[in-house]
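Chemist: Sharing a structure below in structure tokens format, with a few things to ask.
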Amino acid sequence: MKLKRKRVKPIALDDVTIIDDGRLRKAITAAALGNAMEWFDFGVYGFVAYALGQVFFPGADPGVQMIAALATFSVPFLIRPLGGVFFGALGDKYGRQKILAITIIIMSISTFCIGLIPSYERIGIWAPILLLLAKMAQGFSVGGEYTGASIFVAEYSPDRKRGFMGSWLDFGSIAGFVLGAGVVVLISTLIGEQAFLAWGWRLPFFLALPLGLIGLYLRHALEETPAFRQHVEKLEQNDRDGLKAGPGVSFREIATHHWKSLLVCIGLVIATNVTYYMLLTYMPSYLSHSLHYSENHGVLIIIAIMIGMLFVQPVMGLLSDRFGRKPFVVIGSVAMFFLAVPSFMLINSDIIGLIFLGLLMLAVILNAFTGVMASTLPALFPTHIRYSALASAFNISVLIAGLTPTVAAWLVESSQNLYMPAYYLMVIAVIGLLTGLFMKETANKPLKGATPAASDLSEAKEILQEHHDNIEHKIEDITQQIAELEAKRQLLVAQHPRIND
């Protein structure tokens, strides 16, 4: 049976997508703002955990109160995979823009509602139950938030600037933390700790609603990403009708054909988010509860660290466009393995300057991960399953990473060893290193299932020329390999004359 050879049309200049700079800026702003609001809540919750422990879990000793409050923080991560599957399938069916508008609505309302919950003294057991329900609603919406936002930015970004553009997404995360922590410190300082415990802790959560409305306005005004529009345009009419009728996503296909990418995604997210939650969510509680600093003192140190991270974040993304994503994952993992214990030795030194230095070491390591994560993850999967695959893998990983504050607090309480969080980070560093070694480089390459994307016509011509040069090099390599095989064949014939018989 003769196989029919399929002709592939060579790529032309018209096939390179020119990204409009104005739309790109709007896309990054809208995505980063929603992400900032997500982490604003995480920041506020981490920094007021001591207050929530007393409001919702009275009667327990301070250690149990802290673990209970942080456990309430961690439980919603059990819901995130469900949100990831739900919003991921819808995002591949209806597009990224619509889903991101929905997630920010749910997230802002549920965060706002936390500030409305009465204390345990007023409604008893219903207080922690309502808190848990609000956190679960957050977890469900966040299941589609970060992955959708990272895909949105990646599909809008030029290939050569995807690392830099993607880094602004986690810039928004850190900025959200800074805002949340700053608001907590400001309110606590202005009204005093007594009033803050009584009612002041509610005020930061009320800010979520206006922030959410701003984010909704920005996201609603955006167009769908170029990559998703290309995907829909390529579909035949029957396939397009099928797309509207139901999600065209096969999770069996994702698990069987993209399992390597799933493992890379899981490993990178675990390494990044465990470090994230350890530094930015657990550390304020560690400084106040384990090292006995005042709450405001510990928060101010973390705020200073995060402000420094804001300046480093886009630099990491910019450098990753030049040197690739793999080096940052590998170097960051090695650094974390060898510096985790020294950094905690500095943090436990009881000297402010050394404490700051220890936290700064962890922050730079975290920047190495966050600087490349938002640009690396979307590049692992093709357009038609990108949201579903990424949301599923990401939220399974976050399910593990989200337990970090609770696990770290429990390890310290049960062992009375202040270095247990450092040992935990060393284990995570091994996961990060294996991920970095086995992941494929994605920098300066088109997203799977999409045409090349450029900032302007000049860059498009350069990309096209590089593409043609690569084809010529591949042809030359194939020709050389054929010549080498022919030479080996001739040698075998000379050694074994009967081989031609």
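Using the three backbone atoms N, Cα and C, a Cβ is placed for every residue, glycine included.
For reference, Swiss-Prot lists these features for the protein:
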- 1-38: topological domain 'Cytoplasmic' (TOPO_DOM)
- 39-59: transmembrane segment (TRANSMEM)
- 60-66: topological domain 'Periplasmic' (TOPO_DOM)
- 67-87: transmembrane segment (TRANSMEM)
- 88-98: topological domain 'Cytoplasmic' (TOPO_DOM)
- 99-119: transmembrane segment (TRANSMEM)
- 123-143: transmembrane segment (TRANSMEM)
- 144-170: topological domain 'Cytoplasmic' (TOPO_DOM)
- 171-191: transmembrane segment (TRANSMEM)
- 192-195: topological domain 'Periplasmic' (TOPO_DOM)
- 196-216: transmembrane segment (TRANSMEM)
- 217-261: topological domain 'Cytoplasmic' (TOPO_DOM)
- 262-282: transmembrane segment (TRANSMEM)
- 283-298: topological domain 'Periplasmic' (TOPO_DOM)
- 299-319: transmembrane segment (TRANSMEM)
- 320-326: topological domain 'Cytoplasmic' (TOPO_DOM)
- 327-347: transmembrane segment (TRANSMEM)
- 351-371: transmembrane segment (TRANSMEM)
- 372-391: topological domain 'Cytoplasmic' (TOPO_DOM)
- 392-412: transmembrane segment (TRANSMEM)
- 413-417: topological domain 'Periplasmic' (TOPO_DOM)
- 418-438: transmembrane segment (TRANSMEM)
- 439-501: topological domain 'Cytoplasmic' (TOPO_DOM)
- 461-495: coiled coil (COILED)
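Show me how these features fit into the shown structure, please.
Modeler: Model confidence over the topological domain 'Cytoplasmic' (1-38) is summarised by a mean pLDDT of 71.
Counting only same-chain residues 6+ beyond the ends of the transmembrane segment (99-119), those with a CB under 8 A from a CB of the stretch are 30-31, 34, 37-38, 40-41, 55-56, 87, 90-91, 127, 130-131, 134-135, 137-138, 140-142, 144-145, 148-149, 152, 202-206, 208-209, 211-213, 215-216, 219-220, 387.
Same-chain residues lying 6 or more positions outside the transmembrane segment (123-143) and placing a CB less than 8 Å from one of its CB atoms are 38, 41, 52, 55-57, 68, 72-73, 75-87, 102-107, 109-111, 113-114, 117, 391, 395.
When Cβ-Cβ distances below 8 Å are used as the criterion, the topological domain 'Cytoplasmic' (144-170) is approached by residues 19, 23-24, 27-28, 30-32, 34-35, 38, 83-84, 86-88, 90-91, 96-97, 99-100, 102-104, 107, 225-228, 313-314, 316-321, 325, 370-375, 377-379, 383, 386-387, 390-391, 394-395, 443-447, 450, 452-455, 459, 463 of the same chain, each at least six residues removed from its ends.
Outside the transmembrane segment (171-191) by six or more residues, the chain places 31-44, 47-48, 200-201, 203-204, 207, 280, 284, 295-296, 299-300, 302-303, 306-307, 309-310, 313-314, 370 with a CB less than 8 A from a CB of the stretch.
Long-range contacts of the transmembrane segment (262-282) within the same chain, counting only residues at least 6 positions beyond its ends with a Cβ under 8 Å from a Cβ of the stretch, are 42-43, 45-46, 70, 73, 174, 177, 254-255, 302, 305-306, 329, 332-333, 336, 359, 362-363, 365-366, 369-370, 373, 376-377, 380, 389-390, 392-394, 396-398, 400-402, 404-405, 408-409, 421, 424-425, 428-429, 431-432, 434-435, 438-440.
For the topological domain 'Cytoplasmic' (320-326), the list of distant contacts is 160-164, 167, 371-372, 375-376, 436, 439, 441-444: same-chain residues at least six beyond its ends, Cβ to Cβ under 8 Å.
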Chemist: Can you tell me which of 196-216, 299-319, 418-438 gets the most C-beta pairs within less than 8 Å of the transmembrane segment (351-371)?
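Modeler: Maximum Cβ contact count belongs to 299-319.
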Chemist: Using Cβ atoms and a strict cutoff of less than 8 Å, what residues sit near the topological domain 'Cytoplasmic' (372-391) while being 6 or more residues removed from its termini?
Modeler: 83-85, 87-89, 91-92, 96, 99, 143-144, 147-151, 153-155, 157, 162-163, 165-167, 169-170, 227-228, 230-231, 247-251, 253-254, 258, 261-262, 264-265, 268-269, 272, 316-317, 320, 325, 328-329, 439, 442-443, 445, 447-450
Chemist: Do any residues, 6 or more residues outside the transmembrane segment (392-412), come within under 8 Å Cβ-to-Cβ of it, and if so which ones?
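Modeler: Long-range Cβ neighbours of the transmembrane segment (392-412): 46, 66-67, 70-71, 73-74, 76-78, 80-81, 83-85, 88, 143, 146-147, 251, 254, 261-262, 265-270, 272-274, 276-278, 281-282, 285-286, 289-290, 377, 418, 420-421, 424.
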